[in-house]
Structures are given as structure tokens and as C-alpha cells.
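Only one structure is covered here, and it is reproduced in the block below.
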Amino acid sequence: MNRTRTAKFAALGALLALAFALPYMVGEYYISLASMVVISAILASSINMLAGDAGLVSLGHAGIAAASGYGLAWASRQDYDLWVQLAVAAAMTLLVSALFGLVSMRTRGVFFLMVTLAAGMICYGIAYRWSDVTGGDNGLTGIRRPEIIAPYWNFYFLVLGALVVVTVLVLIVSRSPFGLVLRGIRDSESRMRSVGYNITAYKFAAMMLSGTVAGAAGAVFVWHAEFVSPAIGDFNSSALALIMVVLGGIGTVSGPILGATTVVLIEQALSTYVDRWMTVLGVLLIASVLFAPQGLAGGIRQAAAGALERVPRKVPAVPQGSAYQRE
């Protein structure tokens with residue numbers, strides 16, 4: 001156990017060091033690609049917070065990200081400073097997350113999935129049809145990052161820091177009494193209700209927390225693209241984020257990061273050469289469900305555990321004259 005934990009922390013430290021050193025090793029294109037991976041991982045983490053602890057699978061979280069993104073885009077086009085942009089994005093995030101929570105907190109299973117899908121499509125429809133505010137299908141252009149994060153390396157460090165904060169938040173929530181109650185709701189909602197827990201309140205709180213993370217992803221995505229359109233909140237965006245979670249491993253901390261890295265890199269590598277790159281992704285998803293149901297994180301954990309078991313352990317020598325020595 002100690003060796004496994006040591007190896008885990010060593011690998012984590014090496015990956016963090018590599019991530020923070022990346023801007024000094026590669027050019028602007030690859031830093032932009034890495035930023036997109038990190039942003040996707042943040043959105044996937046928001047879905048994983050619900051699916052992993054509470055067992056609530058959402059297909060509408062891109063709608064929350066879109067609300068935050070449009071709020072930030074509007075504030076940016078009004079030439080407001082950084083803090084006002086963030087405040088508007090946060091207000092839109094909390095408003096839409098609360099609406100998602102209100103319409104979904106009394107549902108579970110496939111009904112929760114369908115309600116969140118419908119809520120996400122409503123967000124997409126508003127963005128598409130309310131063209132006077134959102135620009136319709138053409139979206140909103142002319143969005144500029146604040147001066148402090150205008151250089152691509154500064155922006156990369158911002159989103160990477162945000163992912164670290166989100167990851168720590170996921171760990172804290174998962175190990176807190178709140179996370180324990182969510183897992184109880186996931187395993188047996190009726191039992192948790194029978195012992196006096198307010199199930200709807202816990203579901204609403206989980207949606208608000210998860211939606212806040214999704215809103216953060218939407219805001220930094222708009223800064224990354226310097227553009228926003230209804231596509232940010234469509235079904236494909238929500239479905240891709242959920243695929244990232246499944247590929248990486250539902251309920252694992254590293255799963256959304258591994259899944260986001262896989263999906264974004266597959267898209268970049270294949271979309272130039274293959275018209276239907278999502279077909280390849282679909283085959284990979286089916287293979288993952290059939291042969292690695294715990295996702296990439298689970299597969300890596302099992303492989304690492306097997307490798308550590310094959311490493312011989314050092315057995316301490318028995319002192320001369322010990323009572324444990326045979327005569």
C-alpha cells in the first residue's frame with residue numbers, strides 16, 4: 001500500500017511538473033491545444049462530480065457552460081474589466097445552475113438524464129434564436145482576453161491553475177460528509193430518505209456545485225476562442241464531455257483529465273484526415289465499455305498495481321541470535 005501511494009504521488013508530481021513546464025518546451029500551437037485539453041477536462045470534471053458521487057448523469061452541462069460564456073462575452077464586448085466579466089459570468093452560471101437544479105432535483109436515473117438534456121437544449125435554443133443579444137448562429141465576436149492573460153502562456157497557466165483548483169475541490173467534496181451522503185443517495189435513495197436526509201436539497205446542492213465548475217469551463221473557453229456561438233451549448237458538446245468521463249473513468253479524479261486528453265487529441269489527429277472522426281471515437285468508447293469498464297484511470301491503476309507486485313520486496317534481515325532464527 002505504501003509503495004502504491006508513493007508511486008501515485010511520484011507520478012502526479014511528475015505530470016504536474018511537465019504541465020507547468022510545457023510553455024517553455026513547445027510553441028504557441030501546442031500550448032493552445034493543451035489549453036483546450038485543460039478546459040475540456042474542467043467541463044468533464046463538472047459532470048463527473050454528479051455522476052461519480054451522486055450517480056446522476058447529465059447531458060446538459062454544456063448549456064450551463066454556454067450561459068457563463070455568453071455572460072462573459074457580453075461583459076467583454078461592453079469593455080468591462082476582468083472582475084466585472086467574472087461577476088457577470090458567475091451570475092449567469094448560478095442562475096442557470098439553479099434552474100437546472102429546480103427542474104431535476106426530484107428525478108433520478110434516465111429521467112434525470114432526459115431532464116438535463118431538455119434543459120441543455122433550451123439553453124441552446126435561446127442562444128440560437130435570441131439573435132439580438134447572442135448574435136444567433138453567427139455568435140459574438142470581438143471578445144478580447146484581459147491584458148494580464150492576453151499572452152498565450154499566461155492564459156495557459158490560468159486554466160491549468162483552474163484545473164488544479166477543481167481537482168482539489170473534487171477531492172475535498174468526495175471525502176467530506178456531503179460527498180458521503182451523495183454516495184448514499186447513489187446507492188440507495190430510499191434508504192437515505194428513510195433515515196431523514198433531505199434528498200432533493202442534496203441533489204440541488206450537488207447540481208449547484210457541479211454547475212459552478214461547468215460555468216468556469218464556459219468562461220475560460222470563451223477567453224480561449226475569443227468567440228462564442230450556440231455550438232458551445234449544443235448536444236454534441238454535452239455528449240463529448242460525458243464521453244470524456246466514461247473513457248477516463250467515472251468517479252475517478254484523474255478520469256476526466258485522461259478522457260479529455262484522449263478525445264481532444266483524437267479529434268486533432270483525425271479530423272484533418274477523416275470526415276467522420278467521431279466514428280473512431282465511438283469504436284473506442286464501445287471498446288472501453290466492453291473491455292475496460294473502469295476507464296483509462298482504472299486500467300492504469302490495475303497495470304501499475306500489477307507492476308508493483310512484480311517488484312521484489314526487501315525483507316529485513318533477522319539479527320543474529322534472534323529468537324526467530326532456527327537452531
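Placed from the backbone N, Cα and C atoms, the Cβ positions cover glycine too.
A quick note: this is a predicted structure, and the numbers were derived from the prediction, not measured.
Annotation comment: TrEMBL describes 31-51 (among others) as transmembrane segment.
Annotation comment: TrEMBL describes 58-76 (among others) as transmembrane segment. Counting residues 6+ beyond its ends, the transmembrane segment (58-76) has Cβ neighbours under 8 Å at 43, 46-47, 50-51, 84-93, 95-97, 100, 112-114, 116-124, 127, 133-134, 140, 143-144, 210-211, 214-219, 221-223, 228, 230, 232-235, 237-239, 241-242 in the same chain.
Annotation source TrEMBL lists transmembrane segment at 82-103 (among others).
According to TrEMBL, the transmembrane segment annotation covers 110-130 (among others). Only residues 6 or more beyond the boundaries of the transmembrane segment (110-130), in the same chain, are considered here, and those with a CB under 8 A from a CB of the stretch are 56-64, 66-67, 70, 96, 99-100, 103-104, 136-137, 229-230, 232-235, 238.
Positions annotated as transmembrane segment by TrEMBL: 150-174 (among others).
Annotation source TrEMBL lists transmembrane segment at 195-221 (among others). Same-chain residues lying 6+ beyond the ends of the transmembrane segment (195-221) with a Cβ under 8 Å from its Cβ atoms: 39-40, 42-43, 45-47, 49-50, 53-54, 56, 58, 61-62, 64-69, 71-72, 85-86, 89-90, 92-94, 96-98, 100-102, 104-106, 158-159, 162, 166, 169, 173, 178, 181-182, 184-185, 189, 232.
Residues annotated as transmembrane segment in TrEMBL: 241-265 (among others).
Same-chain neighbours of the transmembrane segment (277-296): 243, 246-250, 252, 255, 258-259, 262-263, 266-267, 270-271, 302, counting only residues six or more beyond its ends whose CB sits under 8 Å from a CB of the stretch. Feature annotation from TrEMBL assigns transmembrane segment to 277-296 (among others).
Within the chain, the transmembrane segment (241-265) has long-range Cβ neighbours (under 8 A, six or more residues past its boundaries) at 33, 36-38, 40-41, 43-48, 51-53, 57-59, 61-62, 163, 167, 170-171, 174, 281, 284-285, 288-289, 294-298, 300.
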